[in-house]
């Protein structure tokens with residue numbers, strides 16, 4: 001009976017790897033080096049041992065290993081983790097990788113390598129080994145040290161940057177003969193597709209998993225998750241990205257769900273096997289002749305890599321505000337060349353842009369740095385002591401001053417940082433959604449409709465559909481009434497010109513996107529088309545149908561994005577503990593010279609424009625108390641007004657009405673404890689879980705007429721555990737939602753009686 005060569009090859013590889021992994025474990029050496037050594041022993045370069053015959057099949061299996069490794073790297077990363085690791089990890093990773101890559105490129109050019117070889121050399125030595133560093137910390141008992149958490153955060157960021165480095169290198173390698181402008185345009189367009197892809201993934205994947213995970217066993221979970229992994233890898237390749245990016249994104253999408261641990265557990269065995277095959281294939285490509293003839297270069301590359309990483313990792317840590325002691329220890333920990341380097345090397349060879357002889361050189365240099373890592377980490381304390389003794393006092397004082405805890409930004413700068421983050425995130429996310437919609441409509445939707453409809457009708461229908469999507473996202477894109485914008489506007493007149501410029505930037509972006517279909521289909525000059533298009537978009541954007549559609553999508557997206565965090569918080573702190581601590585309340589007397597005296601609450605639009613709602617008034621003229629006053633209620637001098645909102649909105653509100661606060665802003669919980677002394681006019685707050693049988697269930701808050709019928713107002717709600725404070729009136733109330741309502745004791749009680757299970 002004929003035994004396929006692939007079967008015999010796998011037997012040789014896995015048996016050899018199993019034996020050597022035990023030996024290396026006993027010797028307390030990294031198992032990765034053992035796999036590489038086995039790969040070398042069974043390669044064609046070492047004929048004294050069993051040799052692998054079908055190398056092409058093994059290469060295919062190793063590519064599968066790369067995809068699964070990247071999938072698991074993605075599983076260990078989620079978008080919230082990026083925020084948690086903070087600026088230190090981000091700055092350090094950026095400074096270290098860019099600096100080391102530049103040094104590697106210059107060194108490659110110096111020794112006569114081609115441009116592409118030098119670029120790949122810099123990329124390969126710029127990334128550190130997560131596996132080796134984590135293992136070294138465990139063996140040396142350092143995992144509880146402060147600096148090790150910063151190092152692990154930096155490694156997470158390096159993995160993310162490494163994935164995108166693969167994308168850029170792939171695109172750059174393929175497009176070497178393309179002009180710089182075309183290359184940048186293609187990269188930008190792929191970036192837009194990537195953002196849309198992430199948004200759709202976050203919007204759909206957690207929802208689907210929550211509906212089917214309860215009926216799936218471990219086998220089904222493994223098959224489904226790996227199917228999604230390879231499916232996204234294939235899609236990534238089809239739209240111009242690398243398969244590695246697709247696999248990483250698939251893992252990161254799973255990482256944001258509460259099922260990430262189960263997916264990681266069920267697929268770990270597959271990852272371990274294919275990961276071992278990948279590292280075995282790395283060893284099989286090590287040509288001893290190349291190593292023998294280039295051993296000097298290998299040692300120099302290892303020294304350059306370690307030295308550059310020490311310098312730039314320390315620089316990144318210091319620039320991010322860490323002490324010299326922390327920076328030195330972190331720099332020495334980040335020395336080893338990582339497993340990502342082998343993936344980048346394989347990429348360069350597969351694309352035909354990197355010479356194959358560099359592969360064994362980088363593998364050999366990596367092994368040297370890996371073996372040196374435990375010793376470097378152990379001696380970092382001695383280096384810290386040496387620097388402390390020999391550095392000039394003036395330099396040490398400057399470093400302490402720069403990295404001290406007192407080195408913080410002013411509040412004004414922080415306000416601009418917050419607003420800038422919100423501005424650019426909305427500009428990118430919503431701008432890309434609208435841009436991709438317009439491009440896809442023109443390139444793909446219009447030709448499809450043209451096959452069914454007359455040309456004029458197809459073009460008109462395409463325009464309508466494009467503008468409908470733009471209208472849905474126009475309001476959140478502009479976001480003119482956010483608290484940071486209002487705070488900056490009211491704080492200083494000097495802030496207003498740059499704020500106006502930022503608004504104009506958004507307007508220009510919307511106009512440019514809106515011009516795409518009208519110019520493409522009708523050839524109309526943009527000056528003629530601009531007014532009617534913007535007018536139509538604004539009118540449609542103000543309709544309840546559009547607002548309701550967007551609010552439902554946004555709520556679902558944010559809930560899915562925060563699913564893992566919500567699940568963890570509920571497990572630690574229980575449910576429904578957030579509202580009375582996050583919503584605040586203030587009270588003030590209307591000044592005699594207030595500009596809003598004589599105006600009704602509906603005319604003032606405090607709720608719509610500033611997210612502050614009047615919940616109680618004591619009328620000065622009549623002495624009457626009004627709970628949840630209606631929009632026709634007029635404001636007069638001496639009236640006492642009670643208003644609720646989040647803390648930042650209430651601070652802005654004080655500036656808007658020209659009133660100096662007489663007391664600190666109270667939380668709703670603190671207010672309820674003091675307000676209950678006045679039982680006749682006290683406000684009450686109730687928590688209700690909707691059963692679906694309530695008369696207002698299935699309706700938007702606005703159309704439910706909760707204030708008119710039940711004399712209560714919705715202050716907040718939870719949808720599938722996701723909290724929404726001061727919800728948009730177009731949000732639909734559904735079965736299972738938990739709502740927080742405010743009103744009088746009697747009215748809140750009546751509303752609770754409509755539900756079977758009041759909370």
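Just so it is clear, glycine is given a Cβ too, placed from its N, Cα and C backbone atoms.
Bear in mind that TrEMBL entries carry predicted annotations, made automatically and left uncurated.
Note that the coordinates shown come from a computational prediction; the quantities given were computed from them, not determined experimentally.
The domain 'RCK C-terminal' feature in TrEMBL is assigned to 573-659 (among others).
Per-residue confidence over the domain 'RCK C-terminal' (670-757) averages out at a pLDDT of 81. The domain 'RCK C-terminal' feature in TrEMBL is assigned to 670-757 (among others).
Residues or ranges marked as transmembrane segment in TrEMBL: 6-24 (among others).
Under the heading transmembrane segment, TrEMBL lists 58-77 (among others).
Taken from TrEMBL, the feature transmembrane segment applies to 89-113 (among others).
Marked as transmembrane segment by TrEMBL: 119-137 (among others).
Long-range contacts of the transmembrane segment (149-175) within the same chain: residues 70, 73, 76-77, 81-82, 85-86, 88-90, 92-94, 96-97, 116, 119-120, 123, 127-128, 130, 133-134, 137, 182-183, 186-187, 190, 240-242, 244-245, 248, 313, 316-317, 322, 326, 330, 333-334, 338, 340, 343-344, 347-348, 351, 353, each at least 6 residues beyond the stretch ends and with a Cβ under 8 Å from a Cβ of the stretch. Marked as transmembrane segment by TrEMBL: 149-175 (among others).
Remote same-chain partners of the transmembrane segment (187-209), defined as residues 6 or more beyond its termini with a Cβ less than 8 Å from a stretch Cβ, comprise 167-168, 171, 228, 235, 239-241, 245, 249, 253-254, 256-257, 259, 428-429, 432-433, 435-436, 439, 553, 556-557, 560-561, 563. Residues or ranges marked as transmembrane segment by TrEMBL: 187-209 (among others).
Within the chain, the transmembrane segment (221-239) has long-range Cβ neighbours (under 8 A, six or more residues past its boundaries) at 67-68, 71, 190, 193, 197, 205, 213, 245-247, 249-251, 254, 259, 262-263, 266-267, 270. Residues or ranges marked as transmembrane segment by TrEMBL: 221-239 (among others).
Marked as transmembrane segment by TrEMBL: 298-319 (among others).
Remote same-chain residues near the transmembrane segment (331-351) are listed as 32, 62-63, 66, 69-70, 96, 116, 120, 123-125, 127-133, 136-137, 147-148, 151, 154-155, 158-159, 162, 165-166, 169-170, 173-174, 242, 244, 278-279, 282, 302, 305-306, 309-311, 313-314, 317, 358-359, 362-363, 365-366, 369-370, 372-373, 376-377, 379-380, 383 (criterion: CB distance under 8 Å, separation of at least six residues from the stretch ends). Taken from TrEMBL, the feature transmembrane segment applies to 331-351 (among others).
Taken from TrEMBL, the feature transmembrane segment covers 427-446 (among others).
Positions annotated as transmembrane segment by TrEMBL: 458-478 (among others).
The transmembrane segment feature in TrEMBL is assigned to 525-551 (among others).
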For the transmembrane segment (298-319), the candidate among 6-24, 89-113, 119-137, 427-446, 458-478 having the most Cβ pairs under 8 Å is 89-113
Using DSSP three-state counts, the residues of the domain 'RCK C-terminal' (670-757) come to 20 helix, 25 strand, 43 coil
Tertiary contacts of the transmembrane segment (58-77), defined by C-beta under 8 angstroms and 6+ residue spacing from its ends, are 6, 9, 13, 52, 156, 159-160, 163, 226, 229-230, 233, 243-245, 247-255, 260, 263-264, 267-268, 270-271, 274-278, 280-282, 284, 339, 343, 346
Same-chain residues at least 6 beyond the ends of the transmembrane segment (89-113) with CB under 8 Å of its CB atoms are 82, 119, 121-127, 150, 153-154, 156-158, 161, 165, 297, 300-301, 304-305, 308-309, 311-313, 315-317, 319-320, 330, 334
